[in-house]
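Report on the following structure.
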Ligand code: HPA
């Protein structure tokens, strides 16, 4: 197996973003810029970014275009809460037909831009029976079903320029960032659930039997993203914070009249954005 991208490809994309945005602080430095990935229905969070420069994914060398609904496909670079941020308005998913390596290309570009801390957001179905649509969940750990099926972005010759062959995932979601998120939530009076995120390929939503199975094996939420990006980030030495918006309660009974739909996911996402924006703004202030 050969990799599609090498160090020169990541460098080229990073240099393009640096040149296009004219931001010279997009380099490894003390603290460094903070990366942000905005999931389904969460694009508008980027409107809070000041001095914003937008770069379309289509223009950036080797970036894949975003085909998923609610994903604008733009990189927004600017300032938020006193931090330089590199925000992805929309991401690529395995279900779109991209490889794990392609999905995570932007994460290594962020590393080249000096990103040392990454905030991953997503829309997810609630599996924990206590969760309600509109809840926010701090990701404390994950279950990588797609990885178990052999699709892991770290498979292949190790990208030695970024990290080691066998990276530990014991603390994949950095304790210091989890603490910052919990403190920020408490200060704002925002309820922040905590739980394990299960990554499935999609694009179909889960069957009731799959939802009951996920609950049995310890999942609190289920979604179709985030985990490949977290793996590549941790491999590259980036600290990761993951926040799921519970956009719907996953249906676990065959005789239920309820069905999960894209509309429900998008609508709840829109409703949650102000709360998520407040939370992330407060987290950034603490970094
Ligand atoms: N399942 C999988 N992915 C999702 C869901 C869900 O119920 N809701 C939002 N993304």
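Every residue gets a Cβ built from N, Cα and C, even glycine.
Not measured: the values here are computed from a predicted model.
Database features, via TrEMBL:
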DOMAIN    34-285  domain 'Nucleoside phosphorylase'
BINDING   40, 71, 91, 92, 93, 123, 225  phosphate binding site
BINDING   206, 248  purine D-ribonucleoside binding site
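Listed in sequence order, the binding-site residues among 91, 92, 93, 123 whose CB lies under 6 angstroms from an atom of ligand 1 come out as 123. Across all of the domain 'Nucleoside phosphorylase' (34-285), the predicted model scores a mean pLDDT of 94. Each of the binding-site residues 91, 93 was scored by how many other Cβ atoms lie within 10 Å of its Cβ, and the smallest score goes to 93.
Between the C-alpha atoms of residue 91 (phosphate binding site) and residue 248 (purine D-ribonucleoside binding site), the distance comes to 20 Å.
Cα to Cα, residue 225 (phosphate binding site) and residue 206 (purine D-ribonucleoside binding site) are separated by 14 Å.
If you take the CA of residue 248 (purine D-ribonucleoside binding site) and look 10 A around it, the binding-site residues you hit from 40, 92, 93, 123 are 123. If you take the Cα of residue 123 (phosphate binding site) and the Cα of residue 206 (purine D-ribonucleoside binding site), they are about 14 angstrom apart, rounded to a whole number. Sorted by the number of other CB atoms within 10 A, the binding-site residues 92, 123, 206, 225, 248 start with 206, the lowest.
Taking the Cα atom of each, residue 93 (phosphate binding site) and residue 206 (purine D-ribonucleoside binding site) are about 16 angstrom apart.
Under the DSSP three-state reduction, residue 93 (phosphate binding site) is assigned to coil, being neither helix nor strand.
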